[in-house]
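The structure under discussion appears below in the form of structure tokens.
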């Protein structure tokens, strides 16, 4: 592979990391929801439906999925950045009281725009990077989804450091920063031609670079976590925190620079090494099955899980719908906690929930980045299907909801950690799983169909379940709206969500058994490639 091509691929991934670092704004609603509730005199149900409108924007991510198969990456990023600038910009105008609160239905539209903007960014980043790094889908997904999780903590901590948690300043950041970063990323992130073969040295180099990215990401996460626990930092310390954070985020640039310098001076390397074919599942078993299918005259062979699917073929498979519903049980309940965190905190006696927002964000990062790499390791070593890790996350998340339902002292701290961790696992595992089961050709659209679970889950678990049950427990306040204080406010909500997680666990176990054959083929394909390489060396 040419030095410039290799460096461009890594430069694109670094740009993708930056974009993901600012594209988790959908998870920050609780940082300014109280300001909206008081300015617009909303009940909890009305406020929750605003958060649903934000998540409904992701339903229109299907447009981004269609576009990703037709248009270049730069155009997808441009659309998302402009839409976010408008959606969050109008919310900033309202919360900063530069304009009067808009009618409720208009606010729903602008929150929907803000939510939809992230689907364009995420689709551009994930589809492009997974196609550029086909042999390392798990680590790529873990890193990119991990930085989405960190983005909430990045925004929250910087706002806390520089603007003392002012909601209007926070919304101004949400509107301007993603726009500026996406415009910069347009010049570096693009899909590169697929490489048909690789050398062992190139594979080892990729593994080392991913290791460096993981270390950088973990250091950033720990840095954010430490700052979140600092009691009343001074203005100078807060400014220093922001500067050091920006330097840390810029540090991955060393990877493409090192890659370019290292490969630039390799003369005649391709003449001296054996190259190894890379296909994921196109082994002899698949070829044999194809030949048998074609031998039956007039009968079209049914596409199998693990092969390239059209969208219709994917939607016709039982595995897709098992994945879809189990994903709903995990991310839907997780979103309900994140959207209601402001009110959950107030109910349990916490006036400032920024620390809990950061905890969910940071441990969501750990869930994403660890599960991506660990699941990839166990595929290579033991052919372990990725859905097994989703099943484990569901049962742990159920335990977290039981703890939150008990409302014991400190339970919100532990619950935030558990919910963030398990929510992160679900997102990071499902992304590469979908590409492995249904292929990459129509991956952008298939991914966005799965992401429909975010607005659907938000509506079911946050808009309906949490909103209705909270209002049933709450008392009205003068001037409009309501409030509730005590562990009983959300107890029944957490009990119902525990049951949903158990359902998701059962579905993930079912998917685990139904995909063992697929992951065994992946394992055998990689093992076969490794043995060929050893013989040739």
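Start at 1 and count along the chain as shown; that gives each residue its number.
Placement of Cβ uses the backbone N, Cα and C atoms for every residue, glycine included.
The domain 'Nodulin-like' annotation in TrEMBL covers 9-257. Here TrEMBL flags 307-519 as domain 'NFD4 C-terminal'. Residues or ranges marked as signal peptide in TrEMBL: 1-24. Per TrEMBL, the feature transmembrane segment maps to 74-92, 104-130, 142-164, 170-189, 209-230, 236-261, 320-338, 344-367, 388-407, 413-433, 445-470, 490-513.
Across 236-261, 320-338, 388-407, the stretch most heavily in contact with the transmembrane segment (445-470), judged by Cβ pairs under 8 Å, is 320-338. Remote same-chain residues near the transmembrane segment (236-261) are listed as 3-4, 6-8, 10-11, 13-14, 17-18, 21, 154, 157-158, 160-162, 205, 209, 212-213, 216, 219-220, 223-224, 227, 230 (criterion: CB distance under 8 Å, separation of at least six residues from the stretch ends). Counting Cβ pairs under 8 Å to the transmembrane segment (170-189), the stretch among 74-92, 104-130, 209-230 with the most such contacts is 74-92. Packing against the transmembrane segment (209-230) from elsewhere in the chain are residues 10, 13, 17, 136, 139, 143, 146-147, 150, 153-154, 157, 161, 237, 241, 244-245, 248-249, 251-252, 254-255, 259, 354-355, 358-359, 361-362, 365-366, 369, 373: each is 6 or more residues past its ends and has a CB under 8 Å from a CB in it.
Within the model, the domain 'Nodulin-like' (9-257) carries an average pLDDT of 85.
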